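Per TrEMBL, these features apply:
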- 208-234: compositional bias 'Basic and acidic residues' (COMPBIAS)
- 438-450: compositional bias 'Basic and acidic residues' (COMPBIAS)
- 467-481: compositional bias 'Polar residues' (COMPBIAS)
- 264-299: domain 'EF-hand' (DOMAIN)
- 316-351: domain 'EF-hand' (DOMAIN)
- 208-248: region 'Disordered' (REGION)
- 420-490: region 'Disordered' (REGION)
- 27-50: transmembrane segment (TRANSMEM)
Amino acid sequence: MLTHLETQKCIFPDIVKSKTRHLSRRAFLAGWLLLLLVQLLCLEAVPISIDKTKVKEPEKKPEEPPASVDTGLHYDRYLREVIDFLEKDQHFREKLHNTDMEDIKQGKLAKELDFVSHHVRTKLDELKRQEVNRLRTLIKAKQDLEGGNDIAVDHQALLKQFEYLNHMNPHTFEVEDLDRLIRSATKDLENYDKERHEEFKRYEMMKEHDRQEHLKTLDDDERKKEEEHYEEMKKKHADHPKVNHPGSQNQLKEVWEEADGLDPEDFDPKTFFNLHDTNGDGFFDEQELEALFTKELEKIYDPTNEEDDMVEMEEERLRMREHVMNEVDSNKDRLVSLDEFLVATKKKEFLEPDSWETLEQNQAYTDDEMREFEEHLAQQEQDLNQKAFDLQKQRDELERQQEQLNAQKMELQQAVEHMERLKSQKVDPPPEVLEIPAVDRHHPVPEGHDPAPQAPQDIPQEHHGQENQNQAQQGLPQTHDNIPPGNPLPQISVLVTVIPSLHN
């Protein structure tokens, strides 16, 4: 019986034969040498029949391209997708790798878009339409949050704020779009680090402001204990091993030994570069550089320690990366090539660096900046208080108006209920009220005479006309023959006018 190992050795030559057809000449010869060696090992084994149809070669998994690094820009995905598809075009890819960074910034590379394949241009058109729709969706969502649902949105005007694409042509990706994208990304990336520093500075000042505000709420003894604890934490945080200068020989050797597990005496800059160029593109990008500083940062920061702030750790990482970029990136393309890296390893700063000052040795803000920040916070608080006062006034007024509306609603409801009760009881309308002629105070009615007038139906039409005319001359209300019976409104008005005259 053959052992499992021997069986594998006998099967292996057939697999090697099938694969060597696709190798280069040197690989082909090496494969045959390996084949002969395996055959010699199998001479003592008993040959067995093998069904070659059942021998399956291991499936080759397609190599996935390295994941693109997030730039931190709000249009990062659009930027990466455009670059990925442009690099699929051989002509554009060659131009991209052979064009100087300054020429790219000036828009010379964008003109090469006219020479890319139709398939790539079609895909770029689709990407642009998707991005424009995404921006429109964001604009609509922002408007909904601000409560402007009934206001018409001028998307063309609002799209002007997004300078990285031509909003006047939302359907096709043109040379201008690529030029805008390159210029905007270059400018935004240059400002990105500056904005991060400003954000960190505000974070540090707010942290100090909150600490001072907390101290105001304590009595003298508690305040003293809090201050002592604060100083103790500062000293504890500053008590850490020496931090190597970022990008120096000592710092890289430490990574070589502890992260890569290699002998520091065998340190080789080129090998080190290839080991840490994780996406294999021949460059150190900013994220690959920042990864090199993890060991140094672990000397200073521990997430389990009260005295260590992880936000400060990321700021320290940013400072280290910026320092190395300024020292090594000679063409300022925000990438470190192998040649730039090798040149930097021969400089004096690499071999004999100065000591590195960490954040606790460099306060993020000045006293003047802290004072301005406090004044800004005070103004913000005042504005918020005024806004809260105005909103409370509006609320009180709305509540008062609501009470009035509720009272009117109640009165209306009671009137409706009263009418419904009258209707359900079938109450006849009030009898028609006869008009009472005006009484002449200078000619009183003699005793024994009935002052009641005739009923309206017994008075001739001509008499009504004459009477109305006389009443109009005397300032009394006129009769209304055209009002249907049962309508009390004109009779009530007559009574209201006549009765006071009778009292007089």
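Along the chain as shown, residues are numbered 1 onward.
Yeah, the Cβs are placed from backbone N, Cα and C, and that goes for glycine too.
TrEMBL: automatically predicted annotations, no manual curation.
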Summary of DSSP states over the domain 'EF-hand' (316-351), given as helix, strand and coil counts: 24 helix, 2 strand, 10 coil
The compositional bias 'Basic and acidic residues' (208-234): which same-chain residues, six or more beyond its ends, come within Cβ distance under 8 Å? 306-307, 360, 370, 373-374, 377
Residues sitting near the domain 'EF-hand' (316-351): Cβ under 8 Å, six or more positions beyond its termini, same chain? 100-102, 189, 193, 196-197, 246-249, 269-270, 273, 282-286, 289-290, 293, 296-297, 300-301, 358-359
Across the domain 'EF-hand' (264-299), DSSP yields 23 helix, 2 strand, 11 coil
DSSP on the compositional bias 'Basic and acidic residues' (208-234): how many residues come out helix, how many strand, how many coil? 24 helix, 0 strand, 3 coil
Arithmetic mean of per-residue pLDDT over the domain 'EF-hand' (316-351): 91
